[in-house]
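Take a look at the structure below.
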Amino acid sequence: MIDTGFLARPWVPAWILLLGSASTFVGLAWDLQWHSDVGPDTFYTLPHLFIYAGAAVSGLVSLAVVLAATGAVRSGRAVDTAVGGRRVAVFGVFQAPAGYLVSGVGAALFLLYGLWDEWWHGLYGFDAVIASPPHVGLLTSAMLAMLGSVMTCAAAAGQPWSGPALVASVAILLGFSMVVLVALPEVGVVDERTVTVAVLSMAALACLASFTRGLRAVLATAGTLLAVQIVLAFFSPWATRLYAASEGLPLRDYTNGLPRMSMLMPATLLLGVAALALAAAATSRRTYAVAGALGGAALAATFPWQAVLLGSVAPMPAEVAATVVAGALLGAGGGLLGERLGGALRLLVASPAREAV
């Protein structure tokens, strides 16, 4: 017997999970802008509410799906593999779809790190920087929950709603992951931030190209991230000024109003898509390495200049050359990693349309 209840509409929990990821992403962009334009904050702020609400939504919907899947299995009903992919037995009691298991664990860890963050604020007061120890755990666990959203959308491959959902989930995860740049030092000949952008971008794009075996979804993801980047460029500074005024807090004297989160995201991601065109019709790992190297070099060569256009100091020629070489080398690794991750995502999708119990 096939389940006809909550699990018969896999798009409902998948889009709710995606909404939670989007809320966390918007909250992070707002929080970064607050730290840049206003300064230290406390635990109870509106940007934090967006972040924690997103984690709570992700955790609750993941728990609901796991409990529903467990109940369906115990009652002898079949569960559509489009609901989060293949099931994983947890503690010998629960039957958890893999995607919702990952997102649920990420959300649970996020809330635990949130308790640590509350204790941290109570002990030390304001956060002077966003890269505090509790925040590192918070951001890492949030990315784990977003990865679960990607897995959930990938598991429903072939359904009408899965394509747009997969594109949105990958764009959110890739955009959110750029927050790691905040914690990287700006020293040395090689620009570590730019190289990190190149590696993460090529790994995500190669993963999507490997999973879909085409470039349509990859192109859509790059376009979606660019659109999100533009929207956040207007929203974050505006929301920060409005919220600071409502709280009676002044902006910093040296505030320039530049969109902090948008500046961390690559505006030239389409160059990575062009490089991956080499691997669109091939399955060779060597091809993905070449595409990753070309895309990594292109992103490494162009990413610093989007900050220059907004008023930052132009990098030195030696720094650009060293960064492009590093971007090409590590971008090749990102391409290979993405190809393997795409294969791993395909394992979530069972050959039969439904998985027998």
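Using the three backbone atoms N, Cα and C, a Cβ is placed for every residue, glycine included.
Copied over from TrEMBL, here are the features:
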TRANSMEM  12-30  transmembrane segment
TRANSMEM  50-69  transmembrane segment
TRANSMEM  90-116  transmembrane segment
TRANSMEM  136-158  transmembrane segment
TRANSMEM  165-183  transmembrane segment
TRANSMEM  195-211  transmembrane segment
TRANSMEM  218-240  transmembrane segment
TRANSMEM  260-281  transmembrane segment
TRANSMEM  288-308  transmembrane segment
TRANSMEM  320-338  transmembrane segment
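In terms of C-beta pairs under 8 Å, the stretch of 12-30, 195-211, 218-240, 260-281, 320-338 lying closest in packing to the transmembrane segment (288-308) is 320-338. Between the transmembrane segment (12-30) and the listed ranges 50-69, 90-116, 136-158, 195-211, the one holding the most Cβ pairs under 8 Å is 50-69. For the transmembrane segment (195-211), the partner stretch with the highest count of Cβ pairs under 8 angstroms, out of 136-158, 218-240, 320-338, is 320-338. The stretch in closest packing with the transmembrane segment (90-116), judged by the count of Cβ pairs under 8 Å and taken from 50-69, 136-158, 218-240, 260-281, 320-338, is 136-158. Only residues 6 or more beyond the boundaries of the transmembrane segment (218-240), in the same chain, are considered here, and those with a CB under 8 A from a CB of the stretch are 26, 29-30, 32-34, 37-38, 167-168, 170-172, 174-175, 204-205, 208-209, 212, 257-262, 265, 267, 269-270, 272-273, 276.
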